[in-house]
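Structure record follows, encoded as structure tokens.
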Amino acid sequence: MDGSGTGSRSGVESILPNYKLGRTLGIGSFGRVKIAEHALTGHKVAIKILNRRKIKNMEMEEKVRREIKILRLFMHPHIIRLYEVIETPTDIYLVMEYVNSGELFDYIVEKGRLQEDEARNFFQQIISGVEYCHRNMVVHRDLKPENLLLDSKCNVKIADFGLSNIMRDGHFLKTSCGSPNYAAPEVISGKLYAGPEVDVWSCGVILYALLCGTLPFDDENIPNLFKKIKGGIYTLPSHLSPGARDLIPRMLVVDPMKRVTIPEIRQHPWFQAHLPRYLAVPPPDTVQQAKKIDEEILQEVINMGFDRNHLIESLRNRTQNDGTVTYYLILDNRFRASSGYLGAEFQETMEGTPRMHPAESVASPVSHRLPGLMEYQGVGLRSQYPVERKWALGLQSRAHPREIMTEVLKALQDLNVCWKKIGHYNMKCRWVPNSSADGMLSNSMHDNNYFGDESSIIENEAAVKSPNVVKFEIQLYKTRDDKYLLDLQRVQGPQFLFLDLCAAFLAQLRVL
């Protein structure tokens with residue numbers, strides 16, 4: 001027990017009656033972490049106690065809420081588990097998985113560069129966890145050894161989702177965040193990015209650190225560091241195996257559109273070597289996991305006094321209560337203790353459901369096989385590699401971007417749509433049905449005007465306040481096969497009006 005006062009201790013224990021609190025594991029900027037024991041099962045947990053006032057003073061409410069939202073969703077052997085959230089007017093209590101072997105960062109500092117098999121084992125676990133995030137439309141954006149925790153068996157647990165973002169179809173992120181040494185060039189440059197590819201870059205930096213004991217991009221001078229990252233300037237030590245020397249450069253490609261994807265990493269010969277059975281297939285999504293209930297553990301929880309029907313309904317609906325917390329604590333600790341480390345759960349999914357092809361993973365923005373990957377060292381993967389997609393987001397064209405944008409502006413003018421330029425190939429738009437062109441806008445359609453610094457828009461206040469106003473964004477981006485994709489995303493307004501507008505917009509275009 002720590003030295004906190006009896007009054008505060010009894011207060012906390014009244015809020016957490018199902019746990020026996022132990023010592024303080026650490027103290028942070030807006031809270032502390034205590035070890036605790038779940039009363040019914042005896043399993044250890046870590047309880048984060050976050051002070052609401054400190055969170056608000058540090059303007060960290062959004063970061064904390066984001067992490068809670070994401071961790072509540074996730075069930076994966078290599079992502080830290082959140083079992084329960086208890087809120088009071090003064091504090092937020094997060095009951096989380098307890099891991100006791102520190103950070104991967106400290107492990108690397110202590111051991112230096114790792115043997116290839118050990119590094120590969122860590123990397124396989126990291127990629128599995130990151131792939132699970134992407135399948136659930138979450139980009140971590142701050143992957144680094146400091147955010148990778150180790151349990152007693154040296155299994156990786158991805159933590160700290162405070163900087164993560166939920167991905168939305170057709171929407172691009174532009175928030176620069178994360179640690180500079182691990183951040184992708186497009187992130188530190190403030191460019192638009194779809195998400196998954198920035199995690200791939202960070203994983204490449206982590207793999208380099210595991211195998212080399214140093215960082216590929218490092219400089220005390222931040223401008224020099226950014227210059228190295230933007231230029232992709234680093235050296236590969238001679239001790240690396242041919243497989244590692246092939247994979248790392250594929251991950252540390254400056255152009256995100258040419259960077260290897262998670263499905264392609266999975267199929268790389270170096271990654272495939274000694275791949276554990278439970279990591280050999282993509283993990284089930286959260287919906288599949290909620291439907292699958294372990295009958296033996298269910299009965300064990302029922303024997304503790306919980307109602308069977310209520311427990312099953314709560315598990316299927318992912319409802320947090322004493323019964324479901326008890327169930328998941330037993331489930332996780334049982335599989336963790338087994339030699340397969342959750343292998344049984346993943347194997348059951350593999351055998352009980354159709355195998356999802358790696359190409360179905362979230363990839364950014366359009367997934368295609370990289371040329372040369374299958375020819376590496378003469379290894380023929382045949383049907384294992386991701387098949388090229390038959391579909392893509394948005395409207396495709398091989399026309400020049402300037403020509404495309406000029407036609408877009410002409411179509412917007414014909415449809416009486418207001419637009420505001422955000423970047424050369426990104427704009428915000430507003431449309432009100434049955435509004436005249438004179439009342440809505442006065443746009444110059446000369447292409448030099450669009451590619452200049454001005455946004456050509458003059459609006460009518462009455463039109464802006466219309467209940468039928470439709471707001472949307474237009475984004476043009478380049479694909480790997482030298483085509484261009486034009487994507488429209490509704491931001492606000494009636495869905496059917498937006499679809500009508502899209503149909504009319506498509507009919508107006510001459511280059512797509």
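Heads up, the Cβ atoms here are built off N, Cα and C, so glycines get one too.
Record note: Swiss-Prot gives L25, G26, I27, G28, S29, F30, G31, R32, V33 as ATP-binding, and the candidate from K44, K48 in that site is K48. When K20, K157, K228 are compared in Swiss-Prot, the ubiquitin cross-link annotation sits on K20. Looking up K63, K111, K483 in Swiss-Prot for SUMO cross-link, the annotated residue turns out to be K63. Residues K34, K191, K428 are shown; Swiss-Prot lists SUMO cross-link for one of them, K34. Using a 10 Å Cβ-Cβ cutoff, D142 (active site, proton acceptor) registers 20 neighbours. The DSSP secondary structure for L25 (ATP binding site) is strand. Note on proximity: among K20, K63, D142, the recorded positions of the record, the Cα nearest S29 (ATP binding site) is that of K63.
In the domain 'UBA' (292-332), the DSSP tally of helix, strand and coil residues is 28 helix, 0 strand, 13 coil. Site extent for ATP: among the recorded binding residues L25, G26, I27, G28, S29, F30, G31, R32, V33, K48, the largest C-alpha separation is 14 Å.
A separation of roughly 28 Å, to the nearest angstrom, links the Cα atoms of K20 (ubiquitin cross-link) and K63 (SUMO cross-link). Rounded to a whole value, the Cα-Cα separation of V33 (ATP binding site) and D142 (active site, proton acceptor) is 21 Å.
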